[in-house]
């Protein structure tokens, strides 16, 4: 057996300097930067601020010219303390958390693979320039943090630890539509790992933490349930790039919902069959996340950040340089088209409906090409 290489004294000093430098830059960013993250302000900071002042956390009309906050209440119970901070400081902290979570995800995907330097650099560059990542950080969205939470939840389920898995899952239900595929996969994972006892404990812990996280709302504003329902009722309708919205627009309400339901159930059943037999939960989760944007009933272009793990994982696992190059070219096409739409149009979200579909098509094509090349190489041997 080879002994693990000892870290030299100079390397320890370099690591220490890097950590200190990162902390200094982070502190300067938090203190001095002026960001306006619309979604963080409206769904995290403002509800927390109002709750701490014993006011309706879902009615933001006293603070801003908008109707209300609509992320699920347990998430407010978990983050209300951010309302203690000035909005600017809290916003910057949230942006830093998103960036740290993103790099943590990339490390999680890259570390086991030991990729070639060229593909590693291209993968990291593509990940950092991925438009949904940029818009997630700017708007103060939750998709990146949710992905890290879900990977952690599945890890705890694989270790049959229902408590931490249940707690983390409840933290991620701020936008429940994004759990449309991940949620059933979690239930399947819990059942596979520990049969009914683990599944029941997982659900029970989820229910328990849901109750615990709403305690701050019960204490500070006991009428919060009616207030939240009213906020949902007043939420305006938006044009959005979800499959359900597009099908309802072009096929009519009834037929659109019917087609979407059949499509959704088909993907759900296919994934559950895959989850039932897979031994690699990380790979299964990566593809479950990638399919979520085309299935979720309510999505925005920043939710396409859920596709990044599949892009990175594919780049690192393709065998042929040809298929890797084609993936980079396809990504470049999507990137240029997305930026052009942002800069040259009104940026209406519905204009980005094609993006998730195009990325999935590109992923499918490069995997098919890679498989064909691999088959030909085998035939020559």
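Positions of Cβ are set from backbone N, Cα and C atoms, glycine also.
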If TrEMBL is the reference, give me the range from 62-81, 202-221 marked as transmembrane segment.
202-221
Determine which recorded stretch among 89-111, 165-190, 322-340, 352-369 has the most C-beta pairs below 8 angstroms with the transmembrane segment (284-302).
165-190
What stretch in 89-111, 250-272, 322-340 has the biggest tally of Cβ pairs under 8 Å against the transmembrane segment (165-190)?
250-272
May I ask for the residues of the chain that lie six or more residues beyond the transmembrane segment (322-340) and have a Cβ under 8 Å from a Cβ within it?
119, 122, 126, 129-131, 311, 314-315, 352, 355, 358-359, 362-363, 365-367, 369-370, 373
